[in-house]
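A.B. asks: I have a structure here, written as structure tokens, and I will follow up with some questions on it.
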Amino acid sequence: MANIEKDHQKVILVGDGAVGSSYAYALTLQGIAQEVGIVDIFKEKTQGDAIDLSDALAFTSPKKIYAAEYSDAKDADVVVITAGAPQKPGETRLDLVSKNLKILKTIVDPIVESGFNGIFLVAANPVDILTYATWKLSGFPKERVIGSGTSLDSARFRKDIAEMVNVDARSVHAYIMGEHGDTEFPVWSHANIGGIKISEWVKAHPEVKEEELVKIFESVRDAAYTIINLKGATFYGIGTALARITKAILDDENAVLPLSVFMDGQYGLNDIFIGSPAVINRSGITNILEIPLTDHEMESMHKSAKQLKDIVTKAFEELDIETRQ
């Protein structure tokens with residue numbers, strides 16, 4: 001793969017909509033990467049955003065930001081795909097499958113043809129299916145194709161638990177797993193606050209009823225619908241989540257993050273990308289942490305996987321998409 005050097009790290013962003021521009025802004029504010037190229041069919045928008053973001057550099061750190069072409073991906077370390085049809089009010093992420101698969105093929109093919117040899121990071125929805133499709137279309141090793149997965153869902157989960165117990169969200173350790181969507185599920189069995197299991201915390205606080213925990217998860221699961229109904233789209237949260245994942249890659253962190261990753265026997269699943277905690281560094285995914293799930297959680301994982309697999313199989317058959325693997 002591309003040699004990621006500390007003194008020059010390059011990201012190509014494909015998709016300059018609300019999510020893409022929020023991600024580029026997060027990279028700029030946090031000083032992540034030294035070169036960011038933005039690709040979109042609306043070239044004037046990418047040119048405008050490149051100038052606008054560059055105006056912030058005197059307040060952050062040096063960075064080359066520009067309107068790019070697919071050919072610029074040839075020496076990039078990471079290509080981030082946010083392009084796709086947006087989720088409309090009342091529409092599920094899975095409703096987007098056919099149209100976004102068609103869009104994805106027009107993106108992956110020219111990037112691969114450019115000679116790109118880095119890591120694909122996919123955020124377009126439905127992210128688990130489009131990450132799988134990126135892997136199939138690119139012919140890349142599974143370790144170097146990653147989806148944002150349940151990273152945002154897990155962040156929402158931690159935030160809501162933190163608000164319930166009045167602690168910093170960074171001190172809450174909890175995961176949402178499965179599909180980034182309606183069949184996702186909370187891993188309550190391993191959730192903890194500063195090392196104290198949620199189950200133990202609830203025992204010590206009888207005023208907290210089980211119904212409150214159920215409401216927390218439902219709020220997390222339905223958060224996108226709530227935000228979309230209020231303002232039309234979600235972008236700040238996922239933009240920041242993507243910046244965090246990018247930093248873990250470029251800085252070779254070996255960070256554990258909940259991502260959409262390829263299952264090769266883990267949790268009894270195969271040939272599917274789905275949300276699970278995994279170790280990520282400059283080589284991509286180095287290890288999938290197979291958390292010991294309860295019977296109910298494992299059942300939820302398999303239910304989520306079945307739905308994803310059924311949809312992706314049907315979509316590939318109907319669209320007759322040619323793949324590289």
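Just so it is clear, glycine is given a Cβ too, placed from its N, Cα and C backbone atoms.
Got these off Swiss-Prot a minute ago, pasting:
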type	residues	note
ACT_SITE	His180	active site, proton acceptor
BINDING	Val19, Asp40, Lys45, Tyr70, Gly84, Ala85, Thr106, Ala123, Ala124, Asn125, Ser148	NAD(+) binding site
BINDING	Gln87, Arg93, Asn125, Pro126, Val127, Asp128, Asp153, Ser154, Ala155, Arg156, Thr234	substrate binding site
BINDING	Arg158, His173	beta-D-fructose 1,6-bisphosphate binding site
MOD_RES	Tyr225	phosphotyrosine
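Have a look at these and tell me how they're positioned relative to everything else.
C.D. replies: Under DSSP, His180 (active site, proton acceptor) is assigned to coil, being neither helix nor strand in the three-state scheme. A sphere of 10 angstroms centred on the C-beta of His180 (active site, proton acceptor) encloses 31 other C-beta atoms.
Within the same chain, the residues at least 6 positions away from Val19 (NAD(+) binding site) whose Cβ sits under 8 Å from its Cβ are Thr82, Ala123, Ala233, Thr234, Phe235, Ile238, Gly239, Leu242, listed in sequence order. Classification of Val19 (NAD(+) binding site) by DSSP places it within a helix.
In the three-state DSSP scheme, Arg158 (beta-D-fructose 1,6-bisphosphate binding site) is classed as helix.
Counting every protein chain shown, the number of other Cβ atoms lying within 10 Å of the Cβ of Tyr225 (phosphotyrosine) is 16.
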A.B. asks: Cα within 10 Å of Gly84 (NAD(+) binding site): which of the recorded positions Asp153, His173, Tyr225 qualify?
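C.D. replies: Those close enough: none at all.
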A.B. asks: Within 10 Å of His180 (active site, proton acceptor) (Cα-Cα), which of the recorded positions Lys45, Gln87, Asp153, Ala155, Arg158, Tyr225?
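C.D. replies: Those close enough are Asp153.
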A.B. asks: Report the nearest neighbour of Tyr225 (phosphotyrosine) in space among the binding-site residues Gln87, Thr106, Val127, His173, comparing Cα positions.
C.D. replies: Gln87
A.B. asks: Determine, using Cα-Cα distances only, which of these binding-site residues is closest to Ala124 (NAD(+) binding site): Ala155, Arg158, His173.
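C.D. replies: Of all the candidates listed, Ala155 is nearest in space.
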A.B. asks: For the binding-site residues Ala124, Val127, which Cβ has the most other Cβ atoms within 10 Å, all shown protein chains included?
C.D. replies: Ala124
A.B. asks: Can you tell me which of the binding-site residues Lys45, Thr106, Ser148, Arg158, His173 is spatially closest to Asn125 (substrate binding site)? Compare CA atoms only.
C.D. replies: Ser148
A.B. asks: Hey, what's the Cβ neighbour count for Arg158 (beta-D-fructose 1,6-bisphosphate binding site) at 10 Å?
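C.D. replies: Other Cβ atoms within 10 Å of Arg158 (beta-D-fructose 1,6-bisphosphate binding site): 22.
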